[in-house]
Structures are given as structure tokens and as C-alpha cells.
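A quick write-up on the structure given underneath.
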Amino acid sequence: MASPGIDTEQEPLLGDRTPGSREWDIIETEEHYKSRWISIRILYLTMFFSSVGFSIVIMSIWPYLQKIDQTADASFLGWVIASFSLGQMVASPVFGLWSNYRPRKEPLIVSIFISVVANCLYAYVHVPASHNKYYMLVARGLVGFGAGNVAVVRSYIAGATSLQERISSMANTSACQALGFILGPVFQTCFALIGEKGVTWDAIKLQINMYTAPVLLGAFLGVLNIILILTLLREHRVDDSGRQCKNVNFEEASTDEVQFPQGDIDQVAVLATNVLFFVVLFIFALFETIVTPLTMDMYAWTREQAVLYDGIILAALGVEAILIFMGVKLLSKKIGDRAILLGGLIVVWVGFFILLPWGNQFPKIQWEELHNNSIPNTTFGEIIITLWKSPREDHNEGPTGCPIEQAWCFYTPMIHLAQFLTAATLIGVGYPTCNVTSYTLYSKVLGPKPQGVYMGWLTASGSAARILGPVFISQVYTSWGPRWAFSLVCGIVVLTIMLLGVVYRRLVPFSVRHGRIQE
């Protein structure tokens, strides 16, 4: 007889049981079934909006930061991008704990409202006369705090689905998140057509340009999300068989409710999965962060070119991720989640290895138009200031190429465009593979018990990765260059593969571990 774990892989993507089937009629009513799946799909949409809120400005943060505050450097860029994840890391356990004991509408609505306000603040960071970069830092941090609702979303979906439904629902959640990462850069690319100047609404001092239009769209989507949650979301929790469980969040008690299964959770597997998830997010966060500075340095792209071209590249990777999510679901039938996670890490390692600079061709230096016999008798610092200020006074765009203050630009070979695109494609295969399998494994390890706090910690570990990843890569890249940066990343991936090998046999579902089903 086939086990439930195997049957799971053969279920439809958006739900495993249909009204009218014998098993379905016994476990829940048609009204309950429809309400449960409407609520789950509303949270798919919430996940999509959350990822759009992050990715819709990721390609334009660096040029916008340079425009509003010329004292900002690549190191500060790392902190701006990391502030999103710092806010999310702080908020995730709080919202997760909140959702375990109160109706989940509460943390969802509060968190989304915070994100709406933060997006509006981001649109006004150009207004203050000074310290603009710190206003951007605060705005992105608050957007991240609002994004802490990811823990609530995933815990709700895990608790509102049976074991057979959970693989599909987790894949759908990750696919919606990936779709947000696709459309975020696409929206940014479309808004790039507005240009840096755009239009200004003088009455409220609002500039609508390629930098602010995306966050205004994000604020609108947040308002729409709040309306949908208020009108359509209902509280549901079921056990591994799909029977309704007792739940403080559920508003209508039923005599058919069952208690949670007994048994302890494998804390070693929980900790290991958190570490694995941290590394997966760490790697992709640093890659996202470095794409724009890297392409501007290597290919002498202007700010507008970088926003447009890098937006297209990340959008293409997002499309690739959707295909990977669907492929992982099919492949997991044959080889299982753990083997797929291992394969994804290997692909990521190959991608970063290809990204290492080789050869004897060097990137364009921003001051290459000067000749040795034309350099005046001034200090090195004065030359830098002159080169930085003069072009900006005459043109909308600053100097292009690898900045002379980055010493490695003079001796590190350039990364060819074909080399970069190949590496990006491989990383775009490995990241979504590792992302969806780590989430699925984590949910299976936890089982049917309330997962709000656990999902909060998992989200917090991913947020910590998004903090440390940008800071790590911006510091190492600025000081030592891409060769050292990507070599260290390769080493981190190797250590992660070794960790996975050590805990491989412990990453099994809760029900399998306690002998309720066969693996």
C-alpha cells in the first residue's frame, strides 16, 4: 500500500482533494474546504506582495542613493539593503508568537500597514537637506519590519493543510514569492522609462520618477492586500489527515476537532535546517546586492543602464525560478527533497566558481581619460574629488567604470559578460531549488503542531542572512575585489554541503520519525 508521503507528490498543485470524493466528505464540509483554500490563496497573494516590496527597488537603490546623498558609498549600500532584513529579523518571531495566540488577521494587517507607511517615507527621502541616506536606511528597515509577516503566512499555510497538501502548498508559496521577485524588477524596468527627473507634485513635494514610482505602487498593493485580508481571510487549522484541530485562532469551534499528535520535534534537524536556510538566503542576498555595483564597475554602465539591464537579468532569473519550482515538485517524486537540496547547493557552487575573474583583460577605470603628462601637481585626494565632482556638474550621470578608490580595479581581471550571465543562470537554478526544498523539509520536520514561532525563527535566520550577506559582500568586494569575494562564497558553500551530509539522515518528516507513516 502506498504511503501518504508518496501520495502527496501526485496531488494537484492547488489542493489534493476535490468536493464529492468519499475521503473529502468524511473529513470536512464543502463550505469549510472552500473557505480554507480561499484563505490560503489570499496568503499566497500576501507572500507575492511581500516579495515585490523587497525586489521592486533592489536594482535602483544604489543609483538613487548616489543621487540623493553623494556621501554614500558601496559599504553604506550594504547597510541599506541589510536594513530590510534587520527589520524582518526582529519582527518575524514577534509576529509568529502573536499569530500562535491571536487571530492572524491582527499581525498581518498591522505589518502590512507598517510597510505602506514605510514605502511612502521612501518616496520622500530626497526632501531633507542633509543625511538623506539615513532616511533611506530607516525607510527600508521599516519595510522589512512589515515583511516579518512572512512567518505568519507560512505558519498559517503549514497549519491549514494536511500532510498530503503541504508539499504543493509550500511549492505554491515559494512560487508566489518567486513571482514577486520576477515582477518587482519588471516593474522597476518599466518605471525606468520615466527617467530620473520624472514629474513633481509641488503641493505635497512628491517626485514621481524611476526611483519613487515603484514604492508608490508597493504602497497601493499593500492597501489592496489589507482589504482582501479583512474581507476574505478566515482562521483554519487541520491535522495531518485534514481534520479540523482545536485552535485559539479559529472562531467557530467544532465537535469534530482533534488534539495535536503527541511526540517531540527533532531539535537537531530544526537547528540544521535553520543553518542551511541561512546559507541559502545569505548567498542569494549577496548576489542580489553585488549585481548592480559589479556590472557598473565591469561594464562601465551608467546608473540608468544598470537599473534597466540588471532589472531584466533578475526578471529572467525569476522566470527561471518559477520553472525550477515546478520541476522540483516533479523531481522530488523520484529522488526526494534532501537529494534535491544537495544538488542545488552543488549548482550554486559551480555558478560562483565560474564567476571568479580570469584572464588579462581589465575593467575600464573611471579616470582613464587622463594621461600621465596631464596630471596636475596635486594630491591624490584632490584628484579623486575633481574627477568625482566635475562630471556630475556637467552631466546627469557620474563617471562610469571601476572607481579608482577601489585599488583592486588596477590588477583584477574583468568578469566577461558571457561569464557573468552563465554564472547568474546557474545561481538562478540553484537558489530556488534550495529555497523550496529547505522550507518543505522544515515544515515536515515540525509536523502538524503550531508552527508560528518556529517559522518566525526560520524567517529570522533568513533575515539575518539578508543582513550579513549584503554587508559581507559590500565590504569584501570594495576592499579586496570580486576574486576574494567569490572565492570565500565558494568556501562557504563547500562547508554547507558538508553540514548537509552530517544531518542528512535526520531530515525526515515528523510522522515518519514517529512511525505514523512510512517514508
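Glycine too: its Cβ is placed from the backbone N, Cα and C atoms.
Per TrEMBL, the feature region 'Disordered' maps to 1-20. Look at TrEMBL and you will find 39-508 tagged as domain 'Major facilitator superfamily (MFS) profile'. Residues or ranges marked as transmembrane segment by TrEMBL: 42-64, 76-96, 108-125, 137-157, 178-195, 215-233, 268-287, 307-328, 340-359, 420-442, 454-478, 484-504.
Using a Cβ-Cβ cut-off under 8 Å and counting only residues 6 or more beyond its ends in the same chain, the transmembrane segment (108-125) has close neighbours at 46, 49-50, 53, 57, 68, 91, 95, 132, 135-136, 138-143, 145-149, 152-153, 205-207, 212, 215-216, 218-219, 222-223, 225-226, 229-230, 233.
With pairs at least 6 apart in sequence, the transmembrane segment (137-157) and the transmembrane segment (454-478) have 3 or more Cβ pairs within the 8 Å limit; the two touch. Long-range Cβ contacts of the transmembrane segment (307-328) within its own chain (Cβ-Cβ under 8 Å, at least 6 residues beyond either end) map to 55, 58-60, 63, 171, 174-175, 178-179, 181-183, 185-186, 188-189, 192, 210, 288, 291-292, 295, 301, 340, 421, 424-425, 427-429, 431-433, 436-437. Listed by sequence, the residues of this chain that lie at least six past the ends of the transmembrane segment (420-442) yet keep a Cβ under 8 A from its Cβ atoms are 154, 166-167, 170-171, 173-174, 178, 270, 273-274, 276-277, 280-281, 283-284, 287, 291, 294-295, 298, 313, 316-317, 320-321, 324-325, 328, 332, 337-338, 340-341, 343-352, 354-355, 454, 458, 507.
At the 8 Å Cβ threshold, with sequence separation of at least 6, the transmembrane segment (137-157) comes into contact with the transmembrane segment (42-64) through 3 or more pairs. Between the transmembrane segment (178-195) and the stretches 42-64, 215-233, 268-287, 340-359, 484-504, Cβ pairs under 8 Å are most numerous for 42-64. Tallying C-beta pairs under 8 angstroms between the transmembrane segment (268-287) and each of 215-233, 340-359, 484-504 places 484-504 first.
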